[in-house]
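Colleague: Take this structure first; my questions come after.
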Amino acid sequence: MAAVVGKAAAMIGFPQAYLEGKELKETSSLVTELCRHFYTQGWVSGTGGSITMKVHDASIPKAEQLIVMSPSGVQKERMQPEDMYILSANGSIISSPSPKPYPNKPPKCTDCAPLFMKAYEMRNAGAVIHSHGMESCLVTMLNPQAKEFRITHMEMIKGIQGHGYYDELVVPIIENTAYENELTDSLTKAIEAYPKATAVLVRNHGVYIWGDSWIHAKTQAECYHYLFDAAIKLHQLGLDAATPDHGPIRRTIHSQNQISTKRSVKSGVTDSQNQTDSPQRCIVLDIEGTTTPITFVTDVLFPYARENVGKHLNLTYDTAETQEDIKLLRSQVEEDLRQGVTGAVPIPDADEGKENVIAAMVSNVEAMIRADRKITALKELQGHIWRTGFNCNELKSVVFEDVAEALEKWHSSGIKVYIYSSGSRLAQRLLFGNTNYGDLRKYLSGFFDTTIGNKKESRSYKEITETLGVDDPSEILFVTDVYQEATAAKAAGLEAIISIRPGNVPLPENHGFKTVTTFSQI
């Protein structure tokens with residue numbers, strides 16, 4: 001096979017060592033090995049399902065690497081390395097397997113090829129798995145109208161790229177077609193619409209899963225199948241996989257006559273535009289000045305981070321997490337220096353000594369905290385420092401007295417509640433997990449931070465809308481104390497209410513937003 005590949009691929013500029021090296025043979029062997037394993041899992045039985053992966057070589061850019069794909073219509077557990085198809089990075093077949101005698105069918109590249117190529121092109125994947133596992137099929141049937149699969153608060157969510165235990169995992173569902181390649185357009189649209197997704201479910205059919213490497217794709221596939229199976233079993237028990245406590249499935253019925261002007265007047269909600277309420281499926285809450293006093297952040301959290309940054313860096317300097325924090329902050333400071341930001345000082349490279357690096361880090365962090373910078377690099381480091389404080393019981397977070405009761409009420413009503421704060425997702429989880437009213441994370445479906453966008457930009461709220469999967473942005477209610485954030489959310493189509501709490505910045509006159517002084521008014 002190497003000679004055939006070498007002759008066909010030499011014309012497109014691959015080094016001869018890559019074409020004839022062990023990597024190509026090992027990749028073909030690995031595909032057959034994994035297919036045998038997946039067969040035992042029930043993912044590729046009856047000749048269904050498929051797998052593909054790139055031929056890794058550090059000297060070849062990933063986008064240009066050769067691709068190995070399994071054939072179509074064959075017993076996946078009986079495939080041999082010589083049965084594989086070899087494709088160029090643009091999807092052209094450069095090597096096909098030789099025909100086998102009856103009763104084997106003539107060789108044919110997998111019908112999944114155009115869908116696999118979309119994952120390679122749009123997500124820079126290193127491997128893609130197409131499974132016909134029973135759980136991936138049944139989970140799409142639980143709600144025939146659902147366009148997404150959702151689950152939260154399950155340990156195996158941590159195995160999915162970019163997700164933690166407290167996050168809500170969302171997987172788009174597309175409709176099946178008679179022929180595999182006819183799914184290409186709908187899969188493409190799903191990948192575009194869900195930029196954080198690493199899988200797409202096909203109703204009554206199966207699932208496509210991709211990862212940076214074969215190990216990553218395999219790990220995620222195992223986690224996805226576990227979560228699909230868990231959701232099916234929870235559904236059989238009448239429990240909801242998409243809520244934090246996995247309580248009984250609720251059928252929320254919104255009735256306009258339940259929402260009256262009387263209720264708004266009695267609750268003390270002011271509506272300067274005389275708008276009528278509309279039912280919300282989701283509530284997104286700010287933290288500082290909304291759920292939590294500003295003074296707790298400015299007088300407790302910020303000083304703790306400022307006073308402990310040097311100690312934290314000294315104790316954890318050699319860990320991968322802290323090295324990543326240093327890398328992020330160094331990149332931010334380099335940009336600050338180019339922009340002439342006050343207080344920015346260069347952070348030296350590691351070879352100039354640990355003490356010098358830490359001293360520069362401390363100086364920059366102190367300046368950033370004084371300026372109340374809302375930047376990811378600072379917030380990530382602060383979250384790690386606060387984690388130590390909460391773990392050592394040196395910190396206890398504070399929420400307003402109406403918050404816990406409101407979260408419990410909304411949760412019981414089937415309304416999903418999310419947090420959107422400039423603090424990192426880790427910091428948010430720490431805050432709500434260690435409050436003066438206990439652990440409130442069981443009432444929260446997910447967390448957003450500035451990695452999704454600046455809170456004063458409308459595109460951030462459009463991203464949140466897409467992530468939550470609501471059909472109409474107005475089905476999301478955003479509550480904040482900051483006028484500019486409410487304005488950005490409104491521009492994205494969300495409903496917005498401004499929280500009036502002690503110590504909050506005064507609002508401009510004629511701001512045009514509803515205001516509340518307590519969550520009981522919502």
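Residue positions begin at 1 at the first shown residue.
Using the three backbone atoms N, Cα and C, a Cβ is placed for every residue, glycine included.
The annotation active site, proton donor/acceptor is assigned in TrEMBL to Glu155. Sequence annotations record features per position, and here TrEMBL assigns substrate 1 binding site to Cys112. The feature Zn(2+) binding site is assigned by TrEMBL to His130, His132, His205. The annotation Mg(2+) binding site is assigned in TrEMBL to Asp286, Glu288, Asp481. According to TrEMBL, the substrate 2 binding site annotation covers Ser421, Ser422, Lys455. The compositional bias 'Polar residues' annotation in TrEMBL covers 254-275. The feature domain 'Class II aldolase/adducin N-terminal' is assigned by TrEMBL to 29-232. The region 'Methylthioribulose-1-phosphate dehydratase' annotation in TrEMBL covers 1-240. Look at TrEMBL and you will find 251-275 tagged as region 'Disordered'. Positions annotated as region 'Enolase-phosphatase E1' by TrEMBL: 283-522.
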Colleague: What Cα-Cα separation, expressed in whole Å, is found between Lys455 (substrate 2 binding site) and His130 (Zn(2+) binding site)?
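Modeller: A Cα-Cα distance of 37 Å.
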Colleague: Quick one: which residues besides Asp286, Glu288, Asp481 have a Cβ within 8 Å of the Mg(2+) site's Cβ centroid, in sequence order?
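Modeller: Near the Mg(2+) site, the remaining chain residues are Ile287, Gly289, Thr290, Thr291, Thr292, Ile294, Ser421, Thr480, Val482, Glu485, Ser499, Asn504.
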Colleague: Tell me, what is the mean pLDDT of the domain 'Class II aldolase/adducin N-terminal' (29-232)?
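Modeller: A mean pLDDT of 93 is what the predicted model shows over the domain 'Class II aldolase/adducin N-terminal' (29-232).
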Colleague: An 8 Å radius from the center of the Ser421, Ser422, Lys455 Cβ atoms defines the neighbourhood of the substrate 2 site; name the other residues of that chain inside it, in order.
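Modeller: My list of surrounding residues reads Asp286, Ile287, Glu288, Lys374, Tyr420, Gly423, Asp449, Thr450, Glu485.
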Colleague: Would you find the one among the binding-site residues His130, His132, His205, Lys455 whose Cβ has the most company, meaning other Cβ atoms within 10 Å?
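Modeller: Buried the deepest by this measure is His130.
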Colleague: I'd like the number of other C-beta atoms within 10 A of the C-beta of Asp481 (Mg(2+) binding site), please.
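Modeller: Result for Asp481 (Mg(2+) binding site): 22 other Cβ atoms within 10 Å.
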Colleague: In the same chain, outside His130, His132, His205, whose C-beta lies within 8 angstroms of the Cβ mean position for the Zn(2+) site?
Modeller: Gly48, Gly49, Ser131, Gly133, Ser136, Cys137, Val202, Gly206, Val207, Tyr208
Colleague: For Asp286 (Mg(2+) binding site), which of the listed recorded positions (Cys112, His130, Glu155, His205, Ser421, Ser422) have their CA atom within 10 A of its CA?
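Modeller: Those close enough are Ser421, Ser422.
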Colleague: Of all the binding-site residues given, namely His130, His132, Glu288, Asp481, which is spatially nearest to Ser422 (substrate 2 binding site) at the Cα level?
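Modeller: Comparing Cα positions, the closest of these binding-site residues turns out to be Glu288.
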Colleague: Measuring Cα to Cα, how far is His132 (Zn(2+) binding site) from the residue listed as 'substrate 1 binding site' in Å?
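Modeller: If we compare the Cα positions of His132 (Zn(2+) binding site) and the residue listed as 'substrate 1 binding site', the gap is 12 Å.
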Colleague: Sequence gap of 6 or more, Cβ distance under 8 Å: name the residues on the same chain that satisfy this around Ser421 (substrate 2 binding site), in order along the sequence.
Modeller: Asp286, Ile287, Glu288, Ala427, Gln428, Phe447, Phe448, Asp449
Colleague: Just checking: which of His130, Glu155, Asp481 have a Cα that is within 10 Å of the Cα of the residue listed as 'substrate 1 binding site', counting only these recorded positions?
Modeller: His130
Colleague: Could you state the whole-number distance in Å separating the C-alpha atoms of Asp481 (Mg(2+) binding site) and Glu155 (active site, proton donor/acceptor)?
Modeller: 34
Colleague: Any idea which of the recorded positions Glu155, Asp286, Ser422 has the thinnest Cβ neighbourhood at 10 Å?
Modeller: Glu155
